[in-house]
Amino acid sequence: MEIMLLHQVLSDDYSKIAFLCADRSICLHAKYGSYYSLRIPRMGRDIAYDCWSCDLFCAASYPDLYRINLEQGRFLSSLSTQSPAINVVSRSALHGLVACGGEDGSVECFDMRKKTAIGRISAAAHSGDIDQEVTSLQFEDIHGYQMAVGSSTGKILIYDMRMSNPVRIKDHMYGSPILDIKWHQTLNSAEPKMISTDCHVIRIWDPETGDNMTSIEPSTGAINDVCLFRESGLLLAALDCSQIPVYFIPALGPAPKWCSYLENLTEEMEEGSLTSIYDDYKFLTKKDIEQLNLTHLIGSNLLRAYMHGFFIDYRLYKKAQALADPFAYDAYMEKRKQEKIEAERASRITIKRKLPKVNRLLAAHLLENEETKQAEQENVGEGTIKKKKNKGLTSDILRDERFKAMFEDKDFEIDEQSAEYLSLHPLAQQATKKRPSLIEEHFEPILQDDEGNSDSEGLATSEDDFEKDKEEEKKNSKRVRLYEVRDERHAEAFMNQVSLVKEDALPLGERVAALQQQQSFTKHDVVRFGPGGSREISFVPRRCSKKQDDNEEPQDGKLRRGIRPLGLKLDKSEFLARVKHGGRGGGRGRGRGRGKVPR
């Protein structure tokens with residue numbers, strides 16, 4: 001008995017059918033049964049029929065596409081392709097173009113008027129997969145300018161015949177080969193719907209947007225083929241079982257005339273319809289599947305592909321999570337505690353106060369201490385409340401006029417990196433050790449001779465000397481470390497207490513532009529703070545000529561201070577008389593002549 005692989009209807013009814021068999025034979029049947037049988041040179045994989053020329057195309061495990069003319073009853077010259085073998089062949093009913101999908105993931109189209117190839121595209125390169133094959137191929141016969149290509153990795157690529165790149169890529173998320181593709185015209189919309197099938201699921205979706213309309217996942221066996229009744233919503237699936245399940249989808253179209261009672265059944269079901277919710281399932285993306293080490297379950301019944309991820313049973317998810325992260329429960333409980341604490345804090349009535357611009361940390365610390373004291377008083381009973389005088393600084397200092405300048409003037413800002421502050425606040429010193437300081441950023445430690453010798457000797461130590469190495473590390477930690485500044489740029493930044501981390505993270509072009517802008521907009525007469533309380537100011541000296549100063553007239557109508565404003569107008573006679581008597585000093589001038597004029 002011959003094993004039938006595929007069949008092709010040659011007429012409008014069942015009177016003429018061609019069967020592709022597993023023994024490389026093609027059987028032609030009529031109404032009464034088998035009519036004729038012939039063999040092809042290689043193992044056949046797919047067949048297609050051209051009703052215009054009566055040619056039967058046979059795709060086989062060979063680069064050539066065999067042509068059998070049923071009118072003449074003989075083989076015609078084959079169509080040669082560039083693929084090592086042909087998996088699928090399809091023909092458009094509108095323009096008669098023939099397309100072949102090969103093992104190398106490429107699609108090659110032929111014009112039967114010239115019997116030559118007119119184009120070739122690589123679907124494997126566009127989908128991003130390696131070593132994939134074309135397993136299904138179908139033209140859109142409603143408008144005639146689109147073609148759908150199914151790959152062996154579970155992806156559907158929709159091509160426009162006028163473009164070489166796909167306009168849409170749809171992934172079934174199972175990784176199984178696409179078995180069948182169908183374009184279906186619905187009564188609700190002008191654009192057709194796409195029905196793609198693999199061995200796990202039948203997906204119905206919109207080729208324009210890629211949105212899913214519905215999915216069918218049979219539970220009785222793997223899917224082999226799908227049959228859709230034309231211009232209706234009736235769908236039949238061939239599975240690995242004795243029964244053929246039938247599905248009716250009203251959104252695709254009405255029921256056929258011979259089973260019109262399905263319309264009444266669907267109307268009754270809509271009245272008492274219940275929405276199915278995945279209460280016992282957890283949705284995971286592909287990245288989550290990889291983190292839980294469940295990639296081997298893709299394609300099985302334990303993972304249900306949906307949209308961009310999978311649905312998994314919640315109990316199985318908890319077990320996998322416990323194996324992947326044993327401390328997830330502890331982290332969850334800690335998170336719940338933090339949420340409760342934050343909820344209790346949010347329920348309290350808090351007053352939002354604006355912090356000053358100077359010494360913000362000090363002001364925030366004072367306000368926080370006041371809030372904690374108020375919370376402690378609320379927790380204690382009213383009868384046992386005891387008022388105590390607050391020792392030290394309180395939030396009242398923020399409203400005191402005597403200390404107003406401490407939170408407004410930058411000269412009173414507390415330097416938390418200074419040695420005096422760290423000596424008085426040891427806890428702050430520990431906090432600064434935890435975060436990277438400006439010293440580590442702008443300076444490099446100098447390796448001393450003792451440290452270099454200890455490092456070289458440490459490489460040769462054995463496991464017995466491990467405790468000795470620890471003691472040496474403790475001694476080295478107490479030594480005084482020497483640091484060397486990296487360059488002048490880091491030295492200037494350290495003087496101004498500025499970090500260069502954000503500036504170094506910028507690209508080189510942005511850093512150059514910022515430097516040029518800074519140089520063009522530098523303001524003079526700006527005081528910079530240096531170490532040890534020193535100050536630095538930059539200015540531009542200007543030089544004016546004496547003639548220009550003398551010739552300039554005084555502004556605002558005021559004369560410069562001189563002899564005229566003092567009212568000292570000297571005549572020539574008075575001047576000579578004063579010279580004879582030695583000037584105003586009466587002969588006691590600072591000169592050698594004591595103010596007297598020699599005769």
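Each residue's number is its place along the chain shown, starting with 1.
Positions of Cβ are set from backbone N, Cα and C atoms, glycine also.
Where the annotation comes from TrEMBL, it is an automatic prediction and has not been curated.
Here the structure is a predicted model, which means the values were calculated and not measured.
Record features (TrEMBL):
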DOMAIN    9-275  domain 'Nucleolar protein 10-like N-terminal'
DOMAIN    277-325  domain 'Nucleolar protein 10-like second'
DOMAIN    400-426  domain 'NUC153'
REGION    444-478  region 'Disordered'
COMPBIAS  467-478  compositional bias 'Basic and acidic residues'
REGION    542-563  region 'Disordered'
REGION    575-599  region 'Disordered'
COMPBIAS  578-599  compositional bias 'Basic residues'
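Averaged across the domain 'NUC153' (400-426), pLDDT in this predicted model comes to 81.
Sorting the domain 'Nucleolar protein 10-like second' (277-325) by DSSP state (H, G, I as helix; E, B as strand; all else coil) yields 20 helix, 14 strand, 15 coil.
For the domain 'NUC153' (400-426), residue counts in helix, strand and coil come to 17 helix, 0 strand, 10 coil, using DSSP.
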